[in-house]
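Since the structure comes first, as structure tokens, the remarks are kept for the end.
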Amino acid sequence: MDWNRQIDGYCERIDFSFWSEPVNAITNAGFVVAAAWMWQRCAGVTMARVLCVILFTIGIGSFLFHSYATQWAALADVVPIGVFILLYLFLVNRDVVGMKGWQALLATALFFPYAALLVPVLDRIPFLRVSDFYWTVPILLFVYGALLRKRVPQTARGLVIGGLILCVSISLRSVDEALCDHVPIGTHFLWHVLNAVMLGWMIETYRRHQVPARRHLNPARPGMGFGMDNVQGRGQAGGSGA
């Protein structure tokens, strides 16, 4: 494979210079901003912060791809996305569904045959084939949301909201070339903007689920600090939906 082979895959690109996709490149800052914002919110939730680090690398990898537009940059673009998907799925299986670690790992591994079976089906549908692999993610989020709606309704709702945002962003990614004659800069940059929002939201959904669980495992000791521990606990419980 020629890792330096250049790729022209987006409406905005008109040549292979570094800044040929300025809007697509700059909007990757959204991932960095979302990662920094969620890093502050996720203090004490270790795996949520790991997701923030991966979100940051998604922004860097995508910036490289929309600047260099080479095969190696394409790899730098997609690998962090894949890692985020798999880690998030593992965390949902372990911490939301309640599987043991090895069970969550096996359930996460099922994503590969799931995607392998679904992508050829999606590829037969004209509009969906443009971003066939990406559509497997919101579909899976909707499935998890439906299965978890009675056990953890707030978390389930968060997964569904994330899936809906992703449906809009994938649609905008898919029409980039089709609308090129009418929108010279294309619509791919909106995929970046909405995905930054969506991935930040997914981290927030996980954080909100974990914070009550951590309080349950580490209950405030009564009588300490003239009852302020209990007051803070109630405040955090009320603010977990912020």
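Glycine is no exception: its Cβ is also placed from the backbone N, Cα and C atoms.
Marked as transmembrane segment by TrEMBL: 46-66, 72-92, 104-121, 133-149, 156-175, 187-206.
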Whether the transmembrane segment (46-66) meets the transmembrane segment (156-175): three or more C-beta pairs under 8 angstroms: no
Listed stretch, out of 104-121, 156-175, 187-206, that has the most CB pairs under 8 angstroms to the transmembrane segment (72-92): 104-121
Stretch contact, the transmembrane segment (156-175) with the transmembrane segment (187-206), Cβ-Cβ under 8 Å, 3+ pairs: yes
